[in-house]
Structure formats: C-alpha cells, structure tokens
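See structure below.
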C-alpha cells in the first residue's frame, strides 16, 4: 500500500471553519431585498447581540452612491486616521479575504480578533433565532459584525460604506450618523434599485436623516432633483461639494489614481471637516475655510490605498530581463459610467503619463504598416520592444455587456489606445462560498462558458461597428495551439474565451516569455471578483 493512501483530509483550521459558517448564510434570494419587514428584522438582531446602545455610541460617517463610495470612505478614513483618531472602516466586497471588509487604523482586522468577534455573534444569533427570525443573510451578518467589532475595539470613528442601494441596506440601521455622503450616481443594480436615475437616487437618498448634515457631488439633473426633494422633506440642507483643487495638495498626488478621484476626495474632505466639527474637534474643523488644507488632510489624501481600484500590479512570476513585460491594471468598474472612467485611467497609464520609463509604439497609419509592426514584435533579432494592450474581462450575467464594452473600447480608442486582444474568462471565485480557493486550475472540469461567449460576441460586434479603427481584425498576439488555451472567433479574431482564469494567465505569461520584444499591458475589469482572483494569482 502506498504511503499516505489512507491519510484523511487535513482538519479545517479555525479560520476555515468560520468561512464555512459564513458561507451557510449566503442566500441570493435576499440580495437587495426592498421590504420594510425584512429591513426591520435588523433591529431584532441588534437586540439579540446587545448592540443597540453600542451602535448609538459609534460616531459614524455613512456613505452611499453608485460610483466612488468605497474610495470616498477610504479617503475619509485615511484623513481622520492621520488626524490622530482610531478608525474603523467597513467596505464591500472583499477581493481576497473577508477580513478586508473590516479595517482598524487602516489595517485589515487580525484573524485572532476576527474569529473572536465572529463566533460571539454567530453563536449568539444561532442560539436565539427562530423560524420567524432566521439567521441573517451574509451581508446583514457582516454589517452587524462590523458594528460589534468597531464597538468592541472602541474606535473613535466608524466609516460605513453602503452595500447596495441605501434605504433598505443593512448599514441604514444606523439612525444617528454624524454625517452622510452620497457619491456620484449612475445606472447599476437596476433590477433591484430601478431603471431610472430618479428611482436609483430615491433609494440612495434613503440614508439621509433628519437633522444630520448631508453632502453630495454634482449629479445628473434627474438624480439631483430627487436627492434635494428627499433632503428638503427632512429639513436637511443638502450641500453639493466641488472636486478637490489639485493645487491644495502642494504638488503631491492623491493616493488613489484617476482624475475622478478628485471628486471623491472633495466629498471626503467635506465629510471629514463636518465630522470634526460635530464631534467637538474645532481646532482642525475651523481650518475648513482657511484657503489651504491641514497637513493631516494632505497626508491622508496622498497616503490612501484601496485594492482593486486603479491598481497597477506587475506580474512577479514572469522570469525576464525586462521590467514590465506583463503588467496588470486592475479596476473593478462594472457600470457604464465607471467603465468610461476606468478606460481614461488605463489609457493615461499605458501611454506613460504615470510611468515615464515605458516604451509606447507609434500608432500605425495604415493596416500595412501595422502588420509590419506586428512582424517586428515577434522578430527575435529586434532590439525595440513594443507594448500591446490586452483586455481581460468578465461581469455578472445580470449586467448588459452592450452597455459596458462599447464605452470601454471607444474611450480607449479616443486616447489612441487599442486593445490587441480581448480575453473572456469565468471567475474563479464562486458566489456560494466565502474563503480562499485553490486557483492553480479550474475548479470545474467542464465549465459553462455560455456567458463568456455572449461577452465575446458583444465585443466582436462592437469591433465591427467601430468604423474608425483600422486593422481591427488583425491578430496581434500569437494564438496558443493547445486546445485548452481558449476559443477564438477564428484565425483573425481579436477575442478569445478561456475555460479558466489560470489558463488565461498562463497564456499571457507564455506569450511574453516566448516573445522577448513584446510587453503586455493587461486591463482587468468588469468584476471585482475577477480583480480579486487575478490578485491571488499574481501574489507570491
């Protein structure tokens, strides 16, 4: 008998056991439920967990919105932490580890603390829930857990990002925040929030509370009217914040990349000053109208970090003499508006605006010249390296790729950035399980790729409709001959479907290894889950 043949599987670690317990609370049917009855159950859960008084004692900044709410929360946390306060930050979703959702003083909560608070809440709810009051679904439990963690850890300020919508979101159990903020609004989660900007704005405006200062940014007229009406009905003076003036940073850059971040930073500054004023910290609060920013604000804004949002990650697994042979540009954009913003950021980054040492090839003036350029790319004797842009994409099937892919393609093209190949893959992460999974190979032997093929068709249709682009169907990167590499639309297709993300990553790595004169700049977008999976695969 071979050694180890009768060995039983390793016992799960305490953290793995916690992830299994968390996974038991995933219920897609409760996602974004818009009913008062379901929402009111949260107050029962608070009572069971003895968190009613603790919640009232937390000094909370509450932020909703379609785009930029996570970034705004991140800026706000970083500002107030640099002002000397103990901070708690709750955001969603997580990319790799669920503990990312709970940050204490800018750092993910430790496993030890997480497990202690998790099991206290889980066991207490398990003992006291009934048929009429079942265990809460995943996001509601995580929100309750955040309140428990922040109260137990005695944070000075808790920054809470809304999960979905606002009015019936679990975070809206907060009755007396110190200040509320609503970031840029757009079309997302329409099957839950509504199909007009007015309907969506009505859900987001649900976090506005009577007597609590509320701020927003410039919005489309339809959305702004709804926000103002909701605020007026509660006797709240909704204040519209302008984007941060770059000159106030004294020559420094925001910690989060992208022109749109100045909008989020402007809102974060207003939220921070208001929090300081309303909590009695007037020395800093009184500097709001001084014509300059306090040093602590500048440090907070320039030191802020947020994984998966305009994040650049060179691949560490490619053994090459040249830096930047394979670089991933990660952004979890998944709405039409955020896709356009993502495209502007990516275009600026690959053109060298943020990376001056990169070589950018000249845009070809003709199909014939472009073909000559491509031949040079794969000429081993060529000393000149050519940079090629690749798209790695997936999105949830509830989203319309016809609303996501064309803005991405056209915005990049307007900046003279053209994708040479689009790769469509299924996510590795699954929606019915929480935890870190083995990413070395596909977890499904024969995955259903029908959605990825739909995405590919949408991309190819957009390519065909893009009349202004020349040489749109030229193959710019060599096809992998291995049958596992993927399914392309033909020998001259500009897109390919891979059966798994690891296979797509392997193909990208093999391409740069086999072609020393090419560097691949890969935009990963459409899904924060996909971004998280790529981060897992590129970490050593």
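Any Cβ shown, glycine's included, is placed from N, Cα and C.
Whatever TrEMBL says is automated annotation, not expert-curated.
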Correct range for region 'Disordered' (source TrEMBL, candidates 465-495, 496-526): 465-495
Cβ-centroid neighbours of Mg(2+) site 92, 161, 189, 8 Å, sequence order: 69, 70, 91, 93, 162, 163, 164, 169
Residue 309 (ATP binding site) versus binding-site residues 92, 161, 189 - nearest by Cα: 92
Rounded Cα-Cα span from residue 331 (ATP binding site) to residue 189 (Mg(2+) binding site), Å: 18
CB within-chain contacts under 8 A for residue 331 (ATP binding site), separation at least 6: 308, 309, 310, 311, 342, 345, 346, 523, 524, 525, 531
In the chain carrying residue 92 (Mg(2+) binding site), residues 6 or more apart in sequence that have Cβ under 8 angstroms from it: 70, 101, 139, 142, 161, 163
CB contacts for residue 189 (Mg(2+) binding site) [other CB atoms within 10 A, all chains]: 19
Residue 161 (Mg(2+) binding site), number of other Cβ atoms within 10 Å: 25
